[in-house]
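Okay, so here's the structure we're looking at.
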Amino acid sequence: MDVTIQHPWFKRALGPFYPSRLFDQFFGEGLFEYDLLPFLSSTISPYYRQSLFRTVLDSGISELMTHMWFVMHQPHAGNPKNNPGKVRSDRDKFVIFLDVKHFSPEDLTVKVLEDFVEIHGKHNERQDDHGYISREFHRRYRLPSNVDQSALSCSLSADGMLTFSGPKVQSGLDAGHSERAIPVSREEKPSSAPSS
């Protein structure tokens, strides 16, 4: 019995515009700009591709695509905007660990609003290794209902780890829900926060 092997449906739908090869098989040389536009590259002879696409893409699109690639692939671990922190809630304690190494205690504001803790950090423009930078972030976490809000504390370790903690009360006792600011104290030793 003969079985006909057909191309996948998405290849047939694009017809001649879909390339039949994978990046011209130049695996060790990286991508050319025309490899990112396969529907155009398959209709143009390889002899003309390099100069044609180089002319078109030298108009600024290449720089934009390169910038977008670097933004998508840069690490964001130290940025609180992209680092939600670690939250631990066990039987007798609630703790939040947040990496804020670019901020001093004066740059941080920690508030408790009903059942939420809000952590806001902002520093004005300052110089670093690459030029001038200003940073700002805002994080909001829900507090468990049995956290004693009158005993909440917040500290910033020498390595820039903010630790917000509060004990949990036994069920049936008042947890003291109200709005108040929590001062951020500085510790001289590095944090004992869990690593990722």
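Using N, Cα and C of the backbone, Cβ positions are placed for all residues, glycine too.
The annotation compositional bias 'Basic and acidic residues' is assigned in Swiss-Prot to 176-190.
For the domain 'sHSP' (76-185), DSSP puts the residue distribution at 6 helix, 60 strand, 44 coil. According to Swiss-Prot, the domain 'sHSP' annotation covers 76-185.
If you look up Swiss-Prot, you'll see Ser185 marked as O-linked glycosylation site, on the strength of similarity to another entry.
Taken from Swiss-Prot, the feature deamidated glutamine applies to Gln6 (among others).
Annotation comment: Swiss-Prot describes Ser45 (among others) as phosphoserine.
Residues annotated as deamidated glutamine in Swiss-Prot: Gln50 (among others).
Non-local contacts of Lys93 (N6-acetyllysine) by the CB criterion (under 8 A, 6+ apart in sequence, same chain) comprise Ser165, Gly166, Pro167, Lys168. What Swiss-Prot lists as N6-acetyllysine is Lys93 (among others).
What Swiss-Prot records for Lys122 (among others) is N6-acetyllysine, and it gives similarity to another entry as the kind of evidence. Counting only residues at least six positions away in the same chain, the Cβ atoms of Asp107, Ser134, Arg135, Glu136, Phe137 sit under 8 Å from the Cβ of Lys122 (N6-acetyllysine).
According to Swiss-Prot, the feature phosphoserine maps to Ser145 (among others).
What Swiss-Prot lists as deamidated glutamine is Gln170 (among others), and the listing cites similarity to another entry.
Residues or ranges marked as region 'Required for complex formation with BFSP1 and BFSP2' in Swiss-Prot: 1-63.
Residues or ranges marked as region 'Disordered' in Swiss-Prot: 168-196.
Ser185 (O-linked glycosylation site) sits 27 Å from Gln170 (deamidated glutamine), counting Cα to Cα. Listed in sequence order, the residues of the same chain lying 6 or more apart from Gln170 (deamidated glutamine) and placing their CB within less than 8 Å of its CB are Asn146.
As a whole-number mean, the pLDDT of the domain 'sHSP' (76-185) in this prediction is 83. Other Cβ atoms within 10 Å of the Cβ of Ser185 (O-linked glycosylation site), summed over all protein chains shown, number 11. Cβ-based neighbour count (10 Å, all protein chains) for Ser145 (phosphoserine) stands at 11.
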